[in-house]
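Note sheet for the following structure.
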C-alpha cells in the first residue's frame, strides 16, 4: 500500500503525517470538511444514542458508564488532534531539520537505520488496525445473522432500538445499523491509529535526536575544537527545542490518556464485582486492554526519553573540559547546566509520563475501586 511505504529514509514521522492528512487534518488552513463530518457522525451515532438508553439496573448503568468513558475519550482525542495539529506539524518540521543536518558516517548510518525502523513500526501498527477493522466488519455480520436466525425460531432476544430502528428483528433496519457501525468503527480506528502512530513516532524521534547528540559529544573525546564544538552546541540546542515542542504537542493527549485509563480501570473492576466473570464483561475488558496498552506505551517511551537525557548529561560530564581553553570550558559547562534539567514527558503539566507513574495510576484506580465497593 502506497500510504504505508517509506519513500525517503530521512523523512521524519512520514507515516504519521500521511495518516493525519487522511483523517482530514492536512497542513493547510482550509475548512476541514472531512474531519468535521467524522466528528458529527461520531457524536450523532455513538455518544447521543448511549445517552438515550434506558437504565434498568446498576449493572447496566456501570456498563453504560464504562462505554461512555471510552467513547468520550475517543471524542476528546479526535478533538485534541484538531487543536494540536499545528504543534504536531511544527514538531515534525523541527525534527526534519535535525535529521537533515550532515553527520559523520557512523552517526549517519545510525540515524537512517533508526528512522527507518520507527517508520516501519508505524506502518506495522497501522496494518494491525486495518486487519482488526476488516476482521470486525467480517465477523460481526456473520454473528449477528446467526443470532437473528436463532431468534426468529424461538422468538427470544432483547429489543434494542437506535433512533426507532428495530435492529433486532428487521433486516433492513439492521443493515442500516450495521452500515453506521462500520462507519463509526472506521472513524474510531483511524483516529486511534493516527493519534497513536504520530504521538509514539514523535517521542521515538525526539529520543533519537538526543541519541545523535550524545554520539556527537562522545566523538569529541578524540579532539575538542571550536568548530566541532559549535556543531554539537547547535545540535544540542535544536534537540532541547524539539523536547519543548514535544511536550507542548502531546501534554493534552497524554492527560486524556491518563484520566481515561484511571476511570476505565475503576469502572471495569466495579462492573466485574457486580457481574462476575462472564461473557458480558468482555467488551468492557477490551476497552480496558486498549487504553492500558496505550497508556503504558506513553509511559515506557517517556522513561526512555528521560534515560536518553541522562545519557547525554553523562557524556558531557565525561568530557575532559578542564584541559581545554577557558572559552571552550564555559561553553561545555553551559551545555552541562542546560542538560541537568531532566527530560520529562508531562501530562497536562501535572503528571510525568513514565513507568513508575503507570504503576501509580493502577494503584490509585484500585484504591478508588475499593471506595466504590464500600459505598455501593
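Even glycines carry a Cβ here, placed using N, Cα and C.
Over in TrEMBL, the protein carries these features:
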- 33-52: transmembrane segment (TRANSMEM)
- 64-83: transmembrane segment (TRANSMEM)
- 124-149: transmembrane segment (TRANSMEM)
- 174-193: transmembrane segment (TRANSMEM)
- 200-217: transmembrane segment (TRANSMEM)
- 254-274: transmembrane segment (TRANSMEM)
- 281-298: transmembrane segment (TRANSMEM)
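Here the transmembrane segment (174-193) lies next to the transmembrane segment (64-83) in space: the count of CB pairs under 8 Å, restricted to residues six or more apart, reaches at least 3. Beyond its flanks by at least six residues, the transmembrane segment (33-52) meets 23-25, 64, 67-68, 71-72, 74-75, 78-79, 82, 162-163, 180, 183-184, 187-188, 191 of its own chain at Cβ-Cβ distances under 8 Å.
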